[in-house]
Amino acid sequence: MATPGIQNGGVSVIAAAPTVAPVDPNGRSAATLRLSSPIRIFLFFHKAIRAELDGLHRTALALATNGSGGGIKQLTEKCHFLRSIYKHHCNAEDEVIFPALDIRVKNVARTYSLEHEGESVLFDQLFMLLGNDMENEEGYKRELASCTGALQTSICQHMSKEEEQVFPLLSEKFSFEEQASLVWQFLCSIPVNMMAEFLPWLSSSISPDERQDMRKCLHRIIPDERLLQQIIFNWMDGVKICNKRKRSEDDPRLSSSSHVSPSTNERNLLRSDCSATRSSQCHPVDDILHWHKAIQKELIDIAEAARSIKFTGDFSDLSAFNRRLQFIAEVCIFHSIAEDKVIFPAVEMSFVEEHAEEESEFDKFRCLIESIESAGANSCVEFYSELCSQADHIMETVKKHFLNEEKLVLPLARKHFSPERQRELLYQSLCVMPLRLIECVLPWLVGSLSEEEARCFLCNMHMAAPASDTALVTLFSGWACKGYPREICLSSSAIGGCPVKEIEETQEHSARSCRNCACANSSRATCGQTCVKTIDQGNLVCSVENNSCNFSKTESPKASNQSCCVPGLGVNSNSLGMSSLAAAKSLRSLSFGPSAPSLNSSLFNWETDNSSTIRGHTSRPIDNIFKFHKAIRKDLEFLDIESGKLGDCNETFLRQFTGRFRLLWGLYRAHSNAEDDIVFPALESKETLHNVSHSYTLDHKQEEELFEDISSALAELSQLHENLNAKTTSCNLGEGLLSDSLSCIDRVKKYNELATKIQGMCKSIKVTLDHHVLREEVELWPLFDRHFSVEEQDKLVGRIIGTTGAEVLQSMLPWVTSALTQEEQNKMMNTWKHATKNTMFSEWLDEWWGVTPAASSETSTSENNISQEIDAHESLDQSDHTFKPGWKDIFRMNQNELESEIRKVSRDPTLDPRRKAYLIQNLMTSRWIASQQKFSQSRTSKADDDKDLLGRTPSYRDPEKKIFGCEHYKRNCKLRAACCGKLFACRFCHDEVSDHSMDRKATSEMLCMNCLQIQPVGPVCTTPSCNGLSMAKYYCSSCKFFDDERDVYHCPSCNLCRVGKGLGIDFFHCMTCNCCLGMKLVDHKCREKGLETNCPICCDFLFTSSTAVRALPCGHYMHSACFQAYACTHYSCPICSKSMGDMSVYFGMLDALMASEVLPEEYRDGCQDILCNDCDRKGTAPFHWLYHKCGICGSYNTRVIKVDRDNCST
């Protein structure tokens, strides 16, 4: 029995449960958000999304269990609506909230944006499943229920994490005005057509009180402009508006009293006023040509600007060029989306591939510009040539695509759709864009049109807008007028009157809405100016005025006294926000599919860093932590597939499935604890990586709850299975009644429902962990290569191994290696051995791994190999081809064969000289050794036959109470010494009466002191009469050690059993010092192999000592008992002479003594040169025959190196 490890106080073992630091040091959560905080509106969004997810999963479950809940079609409709709502919610977060947060708090937003990508993949997989024609196949509906459950779990966990981490940070780091601005930008980033569905759905999903709170919140968020507030609240009350609109159409009297919907006469007047305009364009769908013309014109300008940059070499304004490109790219993308969702489905055509190609080309162009910007003055001519080439290529691609649309699509639309339907399609296409983009696009588009084209465009838009969109189309008209360069109000001339003025006349507070309007001053009015509302936001200024939408050369409108005065959104010039393309570049560039990417995948190329791909080929120590992910994925796949068989399985399958699940749970818990306790704190210790791991710690908590839920459900399922089997047996015997039969049917139904639930939970844990480990690989893995040296990574691996117990490693290693290739296994083992090179880990690994099924058969051909030092792992890797015969093989060899083998060993160039000499010597003496061993075995066998074995009687630790054991240990067995064949209770009992020491690890047999039968050593007695009697509470198969009293653990790095609760609980193994230390000593002074020495007091070897050891501050060690005795007379280390503790009190007493002591006259001015043992510095001190204080550190632990009789003052 070895030392219990080293404590900070030395003698006792202190049990300390592992603690995890609180995730949020400020203890904030979503519940602590102030009631007045604008961020609270996101909580309403989350509540509504949760309710929608719950309804979707309930529908799928009902469909899977009893066929109710509607059909696949209804489920598909629910899925489409949820995806549409959640997708735009996520996009708005990625474009607005996360970029703003990333400016204030680094390393938080990226993880959540990656989660959005993972959730998008889940939706794709669900729709792929819904699209399969397998509705009648067995298990299809259960798989649907599992997928919806996984989706619900993933999104709910994501939202919970946002509420625990992101929302409190937004509330803390942003002022009230900034929060309001962020939420407003969020709303303005959602497409208009989705807002019309989003807000009514949200309003109906919350309680009346919450709805009232939400209205108050929106009043504070929306700029104080009547028109904007009317639009938003019209959307929020969408159902009421639709009803009002219907009643107005039925009853003209209601129409005339409505402030929102124009009367029938007004609409007829509008059609009459537009008739002349329509005559010049009888097909409203031709307005698409205006979009094509404007986009091509902008692309031509961009191509010319690219050529100008190439010829002039002036790239000082490259950022503005990039902004122009981003704007036109965003316009093209949303234009393509509008066509794909509105125009093309109507004519049953598709240009999806062409649109995807255009988006890809824009992305390449943008990446090229960023490369030039990063290269700066070092940019070469090839960059600019490629820039021009790419610009021309995009222009040609878009031109070709537009030409195909004009030839194939427009003729069909003109032919098959009425003018009214054409206008509706165009208006719906415009509403696919978000408000913040429409505010920029309409002035840009109208600015490229002639006056007649602009009037026709506005007329079509007004005629197509439904009655409930009067305020919205008025806003659109006002924005469009700002782009027209002439001093004419297009709205007035196009529809016969200014819609803004009409609305102002019908509203009570019209005067306030334009009180500060710049149009009031004709000499200063401009077409693009609006009522300015500036909000001071600390270091940010949010302006409602729209002055930042000018992306092309033709976007500077001239002054106009006639223009419509409508409010701007105030979001495009706000530095809090971010365009969707910039957000896509910085936060959504790391997209992934359902399968894990390779290390060299482009997913690992962050920002413009291309070196990570090269580094991906180099094996790093930290890679082995992430190798566990491969094994995790393998077991998750098993759980996902096999859980589908739980509905119809036998007891054996259920038991095996439960066992596999518990193995995965235990090993994943060990893995996540290592990340939480070691890996993540190491990342957070780097200043640039603060907050990077917080989200993953929250993931571990949520995943642990999922595992607990599955475990409880499996226990319940096992109980139900057992009851069902018992009832089935009784029914088969004819013992059951009708009520029992009904009860049995209910149990079967409950069993099937629970099996379906567990299948969904297994799918959820698979999806959750799959995405979790993938995000770790994408986000965290590259950080180690950037911020940690190989030595630091080695230390991390060593710390992880040093806090992992032998039992866990024995389960973990076969589990991990089974999922790896032979090369990956070799690399992992080499890394582990290198990280533990100062320890006995390799010895433990060879002893244990050599007897596992994974070991090579070459290492187990004989019980007695030539050398006990042969590396079992090398044999496993088949890299050692040296002959390794057993003793019986050697004994059967003739002299010639033996000499031949000796010559083979002698000629082997791969063997170390000492190794070679050792093998040759053993081979030469092998016959004698084998004969001696055979004689010893025969003698032992004879003694067994005679049953005359010494010590075959029980021994007692407490003879009165008949408690088995000895004076050293309490145990129920004796060990048979391999050296002499005698029986002893422990090795200490053997050594006390023998002239040799007992090798306890060589023990192979034991005697049960209850039945007195000799049997193979093991944790329990195998004799039937003992009925599985336990030999002790603790048994170590490596050390052959039994203890029935204390908490003991086996340290694989010490390769010894030590007293304590275990590694990672109250002890850890330091790989440098090569010793087990108490958890309080995580930060200690390392001294290489510091414990592999003798105690400086009693000279006993410390590493294998059975008594407690004390660590000194200097890094040396001694027995705790020796320390107590030594400290009575000394306070300095006997090895290095440094103080053994805090001596400030004692040194203070010496100061008082020295101050009160008067030296003789001849010694008062004397001076001595001293060396301080504590600070290792030289100095001088006044003469004294005993005490000399260091003038630097104040210590009296000094020694005199020279006596100077001169005056100290000189």
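The backbone N, Cα and C atoms fix where each Cβ goes, glycine too.
Please treat TrEMBL annotations as automatic predictions, because they have not gone through curation.
Ranges compared are 855-874, 935-954, and TrEMBL records region 'Disordered' for 935-954.
Per-residue confidence over the domain 'CHY-type' (959-1028) averages 90 (mean pLDDT, predicted model).
In terms of DSSP helix, strand and coil, the domain 'CTCHY-type' (1031-1094) has 3 helix, 24 strand, 37 coil.
Residue counts for the domain 'CHY-type' (959-1028) under DSSP, split into helix (H, G, I), strand (E, B) and coil, are 13 helix, 18 strand, 39 coil. In the domain 'RING-type' (1095-1137), the DSSP tally of helix, strand and coil residues is 7 helix, 8 strand, 28 coil.
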